[in-house]
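As recorded in Swiss-Prot, the features of this protein are as follows:
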type	residues	note
BINDING	T62, D80, D100, A101, S117	S-adenosyl-L-methionine binding site
Amino acid sequence: MNRATLEKDPHEVASMFDAVARRYDITNTVLSFGRDRFWRRATREALRLKPGDKVLDIAAGTAVSTAELTQSGAWCVAADFSVGMLKAGARRDVPKVAGDATRLPFADHSFDAVTISFGLRNVVDHVEGLREMARVTKPGGRLAVCEFSTPVNRPFRTLYMEYLMKTLPEVARAVSSNPDAYVYLAESIRAWPDQEALAHQIASAGWSNVRWRNLTGGIVALHIATL
């Protein structure tokens, strides 16, 4: 077994993602029924990036999300603490930096926008991570957090949780190089704050004008904020 626990020890989490790196992108596309592409595009559009903007994409993994952001004409750098994930994305021509979300290797006020997609949930202290994101963002800059969340329709929520806890791990066994990691995925999603609670946590970390948009019925929530 190579999976992290909900204690989210950084070394365990990084090791787990190193183990899934080889088939990470295809596994996510299969498990999300192709919706991952829509979620990445929605994140890019919500940031309203301009050519020349400097963007930090945290927990970028194989840099597939970073490549999407570059379609805006912005200059984007991918950061992740899993070296294996960054290596798996070597063919994507964007700058890549190994770094921990709670100790980013960048100076204050370096970026016009910071984004983290499906990674905040894996940070050992995600509120501290949000503060660190604020530190490296210029005054007036933007934050986008795209993360699994709580479906808004109760019957759909019940079906989704059934899929998450039972079906998803079974499908992962067929397509993933480390299916146990997807047991952690399901458990961490179930334990994650809902949309409103996360919005309050983002605000407590120093961000303002926090709002969110539900995607795919609330399976994913896209939180946007400014500094």
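Backbone N, Cα and C define each Cβ position, glycine as well.
Feature annotations (Swiss-Prot) mapped to structure.
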residue: D80; record: S-adenosyl-L-methionine binding site; Cβ contacts under 8 Å, 6 or more apart: F17, I58, A59, A60, G61, L86, K96, A98, G99, G119
residue: D100; record: S-adenosyl-L-methionine binding site; Cβ contacts under 8 Å, 6 or more apart: P10, F81
residue: A101; record: S-adenosyl-L-methionine binding site; Cβ contacts under 8 Å, 6 or more apart: I58, A59, A79, F81, I116, G119, L120, V123, G129, E132, M133
residue: S117; record: S-adenosyl-L-methionine binding site; Cβ contacts under 8 Å, 6 or more apart: W39, R40, T43, D57, A59, S65, A144, V145, C146, E147
Please state how far apart, in Å and to a whole number, the two most distant Cα atoms are among T62, D80, D100, A101, S117, the recorded S-adenosyl-L-methionine-binding residues. 16
For T62 (S-adenosyl-L-methionine binding site), the number of neighbouring Cβ atoms whose distance to its own Cβ is within 10 Å equals 26
